[in-house]
Amino acid sequence: MNGLDWAVLVAYFGVMTAIGVWSHKRVDDVSDFFTAGGKMPWWLSGISHHMSGYSAVMFTGYAGIAYTYGVTSYVTWALPIAIGVAIGAKAFAPRLNRLRSRLHVASPLEYLKDRYNVPTQQALAWSGILLKIVDVGAKWAAIATLLSVFTGVTLTQGILITGGITAVYCTIGGLWADALTELGQFVIQLLAGLAMLIIALNKISDQGGLSKALDSPKLDGHANGFAGPYLTVFFIAYLFIKLFEYNGGMWNQAQRYMATGSAKQATRSAFLSAGLWFVWPLVLFIPMWLSPLLVTAKKPDGSDAYGLMTEQLLPTVCWDWSSSGSSRTRWPCAPPTRTRSPRSSPGTSCRC
């Protein structure tokens, strides 16, 4: 990487930190910190809900599945999430919003305390923390993998850099910081994703376009919806899991619905997120499906294919954007108490 490359990455991380500082000024109490005081626009909530489902795993692990199996990466990942969120738009989103608007709680865990007792809340909180250690660790490792491809830093250095910055902007800015950084990352991902799609399709234009390219020997079986271990049973199980996970099972997803002004706005937010899940992953996956025609992965599982393709095909600034736009992870927050402001209370710190 040259000086311009590093300048783009440093500027991006600087902006993310600045958003956290700016968002901190909007936080006056626990409700502001965890649910934006119910003042978040439905469209920002929807985009944030959608982007909360992404991490660098999309561009490493799922890129490897797309490199190896093709279309099944969409059918058995993004599609069941889209269906689950669409179902939840009517079944779960308005109910989650009413937890805040009617019961005046700031998170699902606070509701558990009020509905049952503190031991129940603490049991869920600590078990969730243990699960998120694995979840967040995997995502930071995926981010570090991308940074390693682009910058040459080690995995440990990449984890420390991205993890530290994520912790800063989330902890000081709360949900506002999380949502605004996700909006910025959505714009970056939109520009870089469309650029990659156009370039990839142009590269295979001499092969008769997308449909004929998928029939080439190098992409044998890539047009199948189910392949390898990702079969119908996997799809049904994944849909069942994501139906609950993306509609409150993950605390950070529930907070997006709780942050809107009303139950109706929460429903609109969920439908926006579902629509994005139906459409946007296709834009990102098509170049990944074609990646065996464009690059040769160095790793056996193909998890470095998208990074190599980005580095070789996109203009310098665009692949800087691409790495920046994927450098995030979900940082769920759950307050155990509401007695004091998050600025002064250690009991309201961000729990991950």
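The backbone N, Cα and C atoms fix where each Cβ goes, glycine too.
No curator has checked TrEMBL annotations; they are predicted automatically.
Features reported for this protein in TrEMBL:
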COMPBIAS  336-352  compositional bias 'Low complexity'
REGION    322-352  region 'Disordered'
TRANSMEM  6-22  transmembrane segment
TRANSMEM  74-93  transmembrane segment
TRANSMEM  158-177  transmembrane segment
TRANSMEM  183-202  transmembrane segment
TRANSMEM  223-241  transmembrane segment
TRANSMEM  270-290  transmembrane segment
(request) Establish whether the number of Cβ pairs under 8 Å between the transmembrane segment (270-290) and the transmembrane segment (6-22) reaches at least three, counting only pairs separated by 6 or more residues. (result) no
(request) Please give the sequence-distant neighbours of the transmembrane segment (223-241): residues at least 6 beyond its ends with Cβ less than 8 Å from one of its Cβ atoms. (result) 65, 68-72, 75-77, 79-80, 83-84, 214-215
